[in-house]
Every structure is written in C-alpha cells, then in structure tokens.
Amino acid sequence: MAAFTCTSSPPISLRSEMMIASSKTVSLSTRQMFSVGGLRTRVSLSSVSKNSRASRLRRGGIICEAQDTATGIPMVNDSTWESLVLKADEPVVVDFWAPWCGPCKMIDPIVNELAQQYTGKIKFFKLNTDDSPATPGKYGVRSIPTIMIFVKGEKKDTIIGAVPKTTLATSIDKFLQ
C-alpha cells in the first residue's frame, strides 16, 4: 500500500480565519479538499471558540481520507448475483463494500488496478452491502471490505480487510488457469 504524508500547517486561505476579531464564539462551516498523492485532505472548521479553533489550526487540524468509491468496476446486487457471479464462465472477484466504510475507500484503488491488470482473465464486481444485504448475509459477510473469489459458482477464497495489493494478487493468481 502506498504511504502518504499530510501537511500539518493550515493552507494560507485558512490562516486568515485564525485572526477573527473580538467575538468569543464564531460559527463557521468551512470544508476545503486538497489532493495529496491520490488521497484527499480535508480541513474542516465548525462552531468553536476562536481560541480553540486557532489552537487546533496551529496543531494542524488536517485529516486525511481516501477518495469516494467510484469505479469502472460493474456493480452486482441481490437480483443480478446468480446470473453475473454464480453462472460466470471465468473466475469472479466480488468486492463487498459500503459507501461509509473508510477501509473500503482505501482498498478501492487497489481493486481497480487489479481489475485492469486481470482484464479478460477474471471478472470483477462490486456489491454495496447497504443496498443488497441478502447476498452478504448468505455468504457470512460480517466485516467490510470483504473480497470473495468464486470459480464456477463456488466460493473459493475470502479476504477480509484492507490488505496490500500483493496479498490480493496472490489470492487471485491461485485460481487462474
């Protein structure tokens, strides 16, 4: 997994907010996003006393988060599961995820890379566990992200959590013919 560093000093546009005049409490709702090596950095200010906010900004109130999950990998749901996954001629990798899941967002770029790398050899699908809860329940998905590999309709392997690309690739390679 790629390492990244977030800068701890606030952007110039926010430094001026540290010098807010006179009032004890200031109500601001500011959110700015900055790109840091493929990740988004969020600076967020809310209703706090000016001393507290200035102190937080001096400490570097910057939070790093992974990008929203939006991919070219086709979606599968409870109603399309059988036709797309169980009846597929080639091996299938299914990424069980949810939009609110931080680790799912972290592993998303890795799954996308692997989908491109294995194009024509293996099919990749994503299943949103919030929108389609029956299928994850049937396969015992209790934690996300969970990645399952199916061969001829049979579950062959399960990988739980945000794991490195090499771990996923090794698991996938076992089922290629």
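Even glycines carry a Cβ here, placed using N, Cα and C.
Listed features, source Swiss-Prot:
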- 1-64: transit peptide (TRANSIT)
- 65-177: domain 'Thioredoxin' (DOMAIN)
- Asp95: site 'Deprotonates C-terminal active site Cys' (SITE)
- Cys101: active site, nucleophile (ACT_SITE)
- Cys101-Cys104: disulfide bond (DISULFID)
- Gly102: site 'Contributes to redox potential value' (SITE)
- Pro103: site 'Contributes to redox potential value' (SITE)
- Cys104: active site, nucleophile (ACT_SITE)
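Feature annotations (Swiss-Prot) mapped to structure.
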residue	record	CB count, 10 Å
Asp95	site 'Deprotonates C-terminal active site Cys'	29
Cys101	active site, nucleophile	20
Gly102	site 'Contributes to redox potential value'	11
Pro103	site 'Contributes to redox potential value'	16
Cys104	disulfide bond	23
Can you grab the distance from Pro103 (site 'Contributes to redox potential value') over to Asp95 (site 'Deprotonates C-terminal active site Cys')? Cα atoms, rounded to a whole Å. 12
Cα proximity to Asp95 (site 'Deprotonates C-terminal active site Cys'), best match among recorded positions Cys101, Gly102, Cys104: Cys104
Simplified to three states, DSSP reports Asp95 (site 'Deprotonates C-terminal active site Cys') as strand
